[in-house]
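Per Swiss-Prot, the features are:
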ACT_SITE  His95  active site, electrophile
ACT_SITE  Glu167  active site, proton acceptor
BINDING   Asn9, Trp10, Lys11, Gly173, Ser212, Gly233, Gly234  substrate binding site
Amino acid sequence: MRHPLVMGNWKLNGSTHMVNELIAALRNELSSVDGCGVAIAPPVMYLDQAKHALAGSRIALGAQNVDVNLSGAFTGEVSADMLKDIGAQYIIIGHSERRTYHKETDAAIAEKFAVLKTAGLIPVLCIGETDAENEAGKTEEVCARQIDAVLKTQGAEAFKGAVIAYEPIWAIGTGKSATPAQAQAVHKFIRDHIAKQDAAVAAEVIIQYGGSVNDKNAAELFTQPDIDGALVGGASLKADAFAVIVKAAAAAKKA
């Protein structure tokens, strides 16, 4: 049985003071919540500090990116082994901001997926369409292409224990969000697409929604059968708002 996962992507935000303050508040807000996995992905600079601040809690440590190389002359990069060594578990790859600003391709992201699996880390594979692609009716085509980059090189088995985050690009940081019915339709398509190769893996893979999820719209989104939590951006920087989202995910899946 799938359990939801709510993960906070802090993006390029944080300070030593903020890390301690936010994690302390999260620990307090979420101390009695169960039935929902929780993870946060601070900037890499603060991973070690966050690890110590999270010690003894049920909140997992994540990261926002990884390089395909394990070591060597690759200035500014961070390897899977380094992330594992510092205690990170959930690693975001393929985020639309990486695809857009750093020109990351489907093939490069699939390679990162493989590197993470080999290292025993959990890939959080972000997929999703632009506003233009959505308007052109290409949502399923785009999502299938991005998933196929992994399926065709590593097989459906690679998604065992992995996480997919559907993040319609037109709904990221815009205040827009897919309706629960729209999001559910795409999540079902993603699951069905993987099921063509392996129904058992498809049934178990966690598929998060990641388009402007906040404390106001989360509960309704989580009532949908194929939405397994959320990848949260801005709202993850506010302990009270993030806690509402986590509690909504836990409550929805218990219902």
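The backbone N, Cα and C atoms fix where each Cβ goes, and this holds for glycine too.
Annotated features taken from Swiss-Prot, shown on the structure.
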| residue | record | DSSP class |
| --- | --- | --- |
| Asn9 | substrate binding site | strand |
| His95 | active site, electrophile | coil |
| Glu167 | active site, proton acceptor | coil |
| Gly173 | substrate binding site | coil |
| Ser212 | substrate binding site | coil |
| Gly233 | substrate binding site | coil |
Around the Cβ of Asn9 (substrate binding site), other Cβ atoms found within 10 Å total 26
Do me a favour and check the Cα-Cα span between His95 (active site, electrophile) and Glu167 (active site, proton acceptor); whole Å is fine.
8
What other residues of this chain sit with their CB within 8 A of the center of the CB atoms of Asn9, Trp10, Lys11, Gly173, Ser212, Gly233, Gly234, the recorded substrate site?
Ile172, Val232, Ala235, Ser236, Leu237
To the nearest whole angstrom, state the Cα distance for the pair Trp10 (substrate binding site) and Glu167 (active site, proton acceptor).
16
Same chain, 6+ residues apart, C-beta under 8 Å of the C-beta of Gly173 (substrate binding site), given in sequence order:
Ser212, Gly233, Gly234
In whole Å, could you give the widest CA to CA gap in the substrate site formed by Asn9, Trp10, Lys11, Gly173, Ser212, Gly233, Gly234?
14
Where among the recorded positions Lys11, His95 do you find the Cβ with the fewest other Cβ atoms within 10 Å?
Lys11
May I ask for the distance between the residue listed as 'active site, proton acceptor' and Lys11 (substrate binding site), taken between their Cα atoms and rounded to an integer number of Å?
15
Quick one: give me the count of other CB atoms within 10 A of the CB of the residue listed as 'active site, proton acceptor'.
27
Would you say which of the binding-site residues Gly233, Gly234 has the most Cβ atoms within 10 Å of its own Cβ?
Gly233
So Trp10 (substrate binding site), by the Cβ count within 10 Å over all chains shown, scores 22
